[in-house]
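Chemist: Handing you this structure, nothing more for now.
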Amino acid sequence: MRVSLIVDIAKALMVARLKQTMVAAVGVTFSITMFIALLGFMNGLNDLLDGLILNRTAHVRFYNDIKPNEDQPINLSNEFSGGYNIIRSVKPSISRVSIYNNESIIRTLKGDERILGVAPKIAVQVFFNVGNVDIPGVLNGIQVDEENRLFAFSDYVVAGDFMDLQYSSNSIILGKGAAEKMMAEIGDYVQVTTAQGNRQLLKVVGYYQSGIGELDNLQSYVSLASAQKLLGETSSFITDIQVKLHDFNLSPELAREYRSIFGIDADDIQTVNAQFETGSNIRSIISYAVGITLLVVSGFGIYNILNMMIYEKMDTIAILKAIGFSGADVRNIFITIALSIGFVGGLLGLFFGFISCLGIEKIPFETEALPAIKTFPVNFNPKYYLIGGVFSLVTTYFAGFFPSRKASKIDPVEIIRGK
Amino acid sequence: MSKKAIEAKKIKKYFFSPGKTQVLKEVSFSVNKGEFVSVMGKSGCGKSTLLYILSTMDTDYEGEVFLDDKLITGQSSNYLSRLRNEKIGFVFQFHYLIHEFSVLENVMIPGLKLNEKSREELEHIAMEKLKIFDMQDHALKKANQLSGGQKQRVSIARALMNNPLIIMSDEPTGNLDKKNSDMVFGIFSEIVQEFQQTILMVTHDQELASKTDRTILMEDGMVISHG
Ligand SMILES: Nc1ncnc2c1ncn2[C@@H]1O[C@H](COP(=O)(O)OP(=O)(O)O)[C@@H](O)[C@H]1O
Ligand SMILES: [Mg+2]
């Protein structure tokens, strides 16, 4: 059987009912357009919201937690080794918050191929002394260039130049919320006191705004060296090692691995931010559900047009069968019609979907909370276009399935005799 | 080589709605190759029913049908489709052309379906068939731009496309005026004479029937004369 004949006949039937065929195709186009626009927008939003936390957060964070010693003296005693020892009211021992031998740890981590980068950090609890009130805050001592490379630090510095932190000593980038409370302008000096009682004047060189108010009220940034100086520690003192991976899905595995090797605490991003994953998934599911619903509706459109075509072209089907077309040939003709509608409609849908995504991307979207965002975010992942294309063919195939089967079963004798 | 193009043996056919009625009662006859046979009988005596059985489109009957000495009763529907395509040309009372196709394409369809020759060859053959009926000038027109008589000529050309073993026709002139029915009948006689085409034609036109080689007379589901 030559395929071109089936296609020619399918084409002739479509031309005969051009208007309806086009309406059916427009139905598919519309739903695929919506599907693409919706998925692009929703996932753009997902990326944005995830990025808000995920890009700012280390994929794995190494630190020493303050906690009771796991090897309490009683466990070491032979006398009680057979029993199950319960100790009440255990207090944490004086343990180092700094990471011991951190230089070799960092070297090891940098040698790991899964790891994109490593940034050391010092977190210092401080009070800002403003007049006669003390405002609590956290100073993050960071390695400015690495922090920027791995965690897009500069995106969140809304005023001032972030590199000043590195170039001028005793400088600070204040959290926007904290700065507003202290009414500290750029160029002003603020006084901080650490828990140990060390005091220091720091010059404000910028504001930091993450979009998460809680953080912006609390977190401020200084250079690693300033933080060490403030604490009166040597340059080997750090409290956190932040790691960013090429594939953040590997973080639980990596955290587990190095936790046992280095014997320090390690948190992975999945465990810390499990709720973000859930939110993204739900938004994706909603967009898929809406897209598929639209496609099913347009599938009914195709179902209708095919049924109508079959009803109107009963004579043609009868004569084709009389000439020697088998049931399968007739079925293929109508499946071809359905798939052509799906293909053309789908292709246009992908195109218009892309155009709408470009349009959405131009809509201004400015909010205080998201300084780096100027327009609506859109995700142009080809995956959605592939899924949209496949869906349009699959739904139209199913929409065409029953009408085609009906056509293939038409008894030519009944039609010819009916005249 | 057998002389018989088609042979029916004791064909019985029942309809079940409304109530069981026997429409064909042990119909047996045969048509030889190169013969032009007409079937006559009162309206409702079962002529069309018989023709649909012989054309393999109706498979719900008792008895046996042989085409070119091969038993076709009980064959699969795919086999029968192929057989219809290759060996049987059917001309209906209504032409049943595909209106969206050109005249030439309509004639070519059985050849394209058979898929044994290239498109160019098929176009050439279809053109030859149209020439027999002096329709070559209309080859590129759409089928719905033709008159009734022209359409019927095109449908005969289409039936001839694969050089079938037999042409069956159910009242091909029933829907045409005197002039056009004479012309269609003239064509049938011509292809019998020139190409030794076997034809089995149902008609209720006494005058036309008398001009065929032989007339089978039916009455009430039975053959009463083999002519
Ligand atoms: N599908 C059917 N169901 C029931 N009876 C039918 C059906 N088709 C035809 N008949 C009956 O069978 C008889 C023969 O019909 P037909 O072969 O069309 O006659 P003819 O072609 O000789 O005029 C008629 O009595 C007709 O009413
Ligand atoms: Mg009849």
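Note: Cβ is positioned from N, Cα and C throughout, glycine not excepted.
Because TrEMBL annotations are produced automatically, they should be read as predictions rather than curated entries.
According to TrEMBL, the protein has these features:
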- A:21-255: domain 'MacB-like periplasmic core' (DOMAIN)
- A:290-412: domain 'ABC3 transporter permease C-terminal' (DOMAIN)
- A:21-42: transmembrane segment (TRANSMEM)
- A:285-306: transmembrane segment (TRANSMEM)
- A:333-355: transmembrane segment (TRANSMEM)
- A:384-402: transmembrane segment (TRANSMEM)
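Describe each of these features in terms of where it is and what it packs against.
Modeler: Looking only at the domain 'ABC3 transporter permease C-terminal' (A:290-412), the predicted model's pLDDT averages out at 88.
When Cβ-Cβ distances below 8 Å are used as the criterion, the transmembrane segment (A:285-306) is approached by residues 17, 20-21, 23-24, 27-28, 30-32, 34-35, 38-39, 42-43, 334, 337-338, 341-342, 345, 388, 391-392, 395-396, 398-400, 402-404 of the same chain, each at least six residues removed from its ends.
Non-local neighbours of the transmembrane segment (A:333-355) in the same chain are 6-7, 9-11, 13-14, 21, 24-37, 40, 298, 302, 305-306, 309-310, 320, 380, 385, 388-389, 391-393, 395-397, 399-401, 403-404, 407-408; each lies 6+ residues outside the stretch with a CB under 8 Å from one of its CB atoms.
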Chemist: Give residue numbers and ranges for long-range contacts of the transmembrane segment (A:21-42): same chain, 6 or more residues beyond its ends, CB-CB under 8 A.
Modeler: 14, 283-284, 286-288, 290-292, 294-295, 297-298, 301-302, 304-305, 337, 341-342, 344-346, 348-350, 352-354, 356-357, 360, 376-381, 384-385, 387-389, 391-392, 395-396
Chemist: Are there residues at least six beyond either end of the transmembrane segment (A:384-402) with Cβ under 8 Å to its Cβ atoms? List them, or say none.
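Modeler: Sequence-distant neighbours of the transmembrane segment (A:384-402): 28, 31-32, 35-36, 39-40, 43, 291-292, 295-296, 298-303, 306, 334-335, 337-339, 341-343, 345-347, 349-350, 353-354.
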